[in-house]
Amino acid sequence: MSRKQLALFEPVLLVQALTDAVKKLSPRAQWRNPVMFVVWAGSVLTTLLTLAMVTGQIAGSALFTGVISLWLWFTVLFANFAEALAEGRSKAQANSLKGVKKTAFARRLRAPRHDAQADNVPAAELRKGDIVLVKAGDIIPCDGEVIEGGASVDESAITGESAPVIRESGGDFASVTGGTRILSDWLVIACSVNPGETFLDRMIAMVEGAQRRKTPNEIALTILLIALTIVFLLATATLWPFSAWGGNAVSVTVLVALLVCLIPTTIGGLLSAIGVAGMSRMLGANVIATSGRAVEAAGDVDVLLLDKTGTITLGNRQASDFIPARGVDERTLADAAQLASLADETPEGRSIVILAKQRFNLRERDVQSLHATFVPFTAQSRMSGINIDNRMIRKGSVDAIRRHVESNGGHFPADVEQNVENVARLGATPLVVVEGARVLGVIALKDIVKGGIKERFAQLRKMGIKTVMITGDNRLTAAAIAAEAGVDDFLAEATPEAKLALIRQYQAEGRLVAMTGDGTNDAPALAQADVAVAMNSGTQAAKEAGNMVDLDSNPTKLIEVVHIGKQMLMTRGSLTTFSIANDVAKYFAIIPAAFAATYPQLNALNVMGLHSPNSAILSAVIFNALIIIFLIPLALKGVSYKPLSASAMLRRNLWIYGLGGLVVPFIGIKVIDVLLTLLGLA
């Protein structure tokens, strides 16, 4: 990935965020955040009181009320600034994507073939189902599927990756994205979306936050914050008659200051910024999430379904050996295996052709001159091969070949069964080759487990996350690789139906499941999973079924996605703990100052030794505003994340953010009080 990363406090973003923060002072914008709306209402009320005192309409200290009013406005402004800065970072990322969208013309074909007559039309007029021809140097005008041709495509504008990729008809690499550029050859593309619905349009909308809705956890936390605000509002309202009855009524300004300091303004002011920043961090990892709900779900995941190839292993399985059946010589097996692999463009297929050439000098045959029919691999048949003259050669998984042999009246030899087990026990993948109903032998495909993957799985296990390896290999091979990699469980000989059933089984147990996929056959399982990361190189069906798209098409990214989700939840929880713990210190500052004249016994609570009642109240209000500014970097970057169990994580957060939330305000309020006294403002 080479996408430019934004600095946390980019000067241009700071200026724009300040402007947006002022715009957000409107009551319509404030109403979306009930906690900060109360602060906004208090700011308006104290401003009106200040004006009334200045004009002599009511008695009171206009200077004290005015300063309190000013810092209440700063509190609202700082909360707006945090949200605007988070949104500004997202909008900056979106603007880089908007630069990809270019007004262009498209060659709309009148028939679905490359030599059909074409009409030049604006790309904006293309509709779902239209067929277009795109040549070298052209911008692909729409999202779609390649139905003819093959070409190298520059997707750097979307993925940030400079290396071109191959897109061709058929298979799992037929999906193309509007806004990318053809570097060579040509493609005939069937548009799969209408204008405004392209992947790029959806990316921009998601990144800008225009479609951001509150997640379930955000809603639950907002309800808690509203409940606390109502409780403190009622408690504060009852204090006026108590103080009046005592003969020294507390001023409205002091009551407003008390209310603002007691309600959870810190988390209330940063909550929206945390959610926006979580989406932004996900994009920083080159993953597009369809919603904050998907990011949040990633933090709650406790089961990871991981494809073996490319995620757990390096994914470049190579043919290492030909093991013939009894009565078959190795050259005959190698010749049949090479024939069955001539049209197989997978790394495994090409390695079989090369191994046969190296071992027995078997040259690749001219495919056209063979007049053969090639049988492609499918997830259902789990085998591929060739029909040539009267020969029917197949290679595939053990079970698939066994069914094929038995359906043709043959018998699966015991010695081949033993060879399959021997290969599987070594952690290699056995492919069986058959001609007609006669089993010729086994091809061994070796793969290598990625370095450090076992340690990563151990960390996930410590966090309470179960890892399940998904593979098309037989049980013996799967068990050997699972043991080497250190996963908790595995699903061998996996079919799309088996994946879907496994996800439903875990969900029935109340667990949240995450998985990756890139093919059309993965779409049902992706749609069922709670967190479904589709590969950008995959099919349109897979991308539509998932709730995230990995622009790097790296299956290992699923682990990073879970880390980002957990970091967002931890950030929200940690700052909530800090915010509520803050109230205790502010209680010790304001209560004695506000009511000591009525109830002198309350002076015992002035443990900080604050200079005067006015300086105590003002210090608490100033600290309440400034702490939001100091916590903005933490809200945007997220708290430090370490793979720990839930109980260990809770203890750690209580010590750091609970105890910190108690201690920091005592120190901060006292320092501000001393400064106010030195400046003669106390």
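Keep in mind that glycine also has a Cβ here, set from the backbone N, Cα and C atoms.
If you check Swiss-Prot, you get these features:
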ACT_SITE  ASP307  active site, 4-aspartylphosphate intermediate
BINDING   ASP344, GLU348, PHE377, THR378, ALA379, GLN380, SER381, ARG382, MET383, SER384, LYS395  ATP binding site
BINDING   ASP518, ASP522  Mg(2+) binding site
TRANSMEM  34-54  transmembrane segment
TRANSMEM  58-78  transmembrane segment
TRANSMEM  219-239  transmembrane segment
TRANSMEM  254-274  transmembrane segment
TRANSMEM  588-608  transmembrane segment
TRANSMEM  616-636  transmembrane segment
TRANSMEM  662-682  transmembrane segment
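Mapped onto this structure are the features recorded in Swiss-Prot.
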{"residue": "ASP307", "record": "active site, 4-aspartylphosphate intermediate", "Cβ within 10 Å": "23"}
{"residue": "ASP344", "record": "ATP binding site", "Cβ within 10 Å": "20"}
{"residue": "PHE377", "record": "ATP binding site", "Cβ within 10 Å": "18"}
{"residue": "SER381", "record": "ATP binding site", "Cβ within 10 Å": "16"}
{"residue": "MET383", "record": "ATP binding site", "Cβ within 10 Å": "23"}
{"residue": "LYS395", "record": "ATP binding site", "Cβ within 10 Å": "27"}
{"residue": "ASP518", "record": "Mg(2+) binding site", "Cβ within 10 Å": "25"}
{"residue": "ASP522", "record": "Mg(2+) binding site", "Cβ within 10 Å": "28"}
Please check if the transmembrane segment (616-636) comes into contact with the transmembrane segment (219-239), where contact means 3 or more CB pairs closer than 8 Å and the residues in each pair are separated by 6 or more positions. no
For the transmembrane segment (254-274), which partner among 34-54, 219-239, 662-682 gives the most CB pairs under 8 Å? 219-239
Distant-in-sequence neighbours of the transmembrane segment (58-78), which means Cβ under 8 A and at least six residues beyond its ends: 21-22, 25, 30, 36, 39-40, 42-43, 46-47, 49-50, 52, 251, 253, 256-257, 260, 265, 269, 614, 617-618, 621-622, 624-626, 628-629, 632, 681
Report, as numbers and ranges, every residue of the chain located at least six residues beyond the transmembrane segment (662-682) whose Cβ falls under 8 Å of a Cβ in that stretch; write 'none' if there are none. 67, 581-582, 584-586, 588-589, 608-612, 614-616, 618-620, 622-623, 626-627
Taking a Cβ cut-off under 8 Å, which residues six or more beyond the ends of the transmembrane segment (34-54) line up next to it in the same chain? 25, 27, 60-62, 65-66, 68-69, 72-73, 75-76, 79, 222, 225-226, 229, 233, 252-253, 256, 259-260, 263-265, 268-269
Given ASP344 (ATP binding site) and ASP518 (Mg(2+) binding site), what distance in Å do their CA atoms have, once rounded to a whole number? 19
Proximal residue to SER381 (ATP binding site) among recorded positions ASP307, ASP518, ASP522 (C-alpha distance): ASP522
Work out how many Å separate PHE377 (ATP binding site) and ASP522 (Mg(2+) binding site) at their Cα atoms, rounded off. 16
Between the C-alpha atoms of ASP522 (Mg(2+) binding site) and ASP307 (active site, 4-aspartylphosphate intermediate), the distance in angstrom, to the nearest integer, is 11
Here the Cα-Cα span from ASP518 (Mg(2+) binding site) to ASP307 (active site, 4-aspartylphosphate intermediate), rounded to a whole number of angstrom, reaches 11
Where MET383 (ATP binding site) and ASP307 (active site, 4-aspartylphosphate intermediate) are concerned, what is their Cα separation in Å, rounded? 19
Nearest-integer angstrom distance between the alpha carbons (Cα) of the residue listed as 'active site, 4-aspartylphosphate intermediate' and LYS395 (ATP binding site): 22
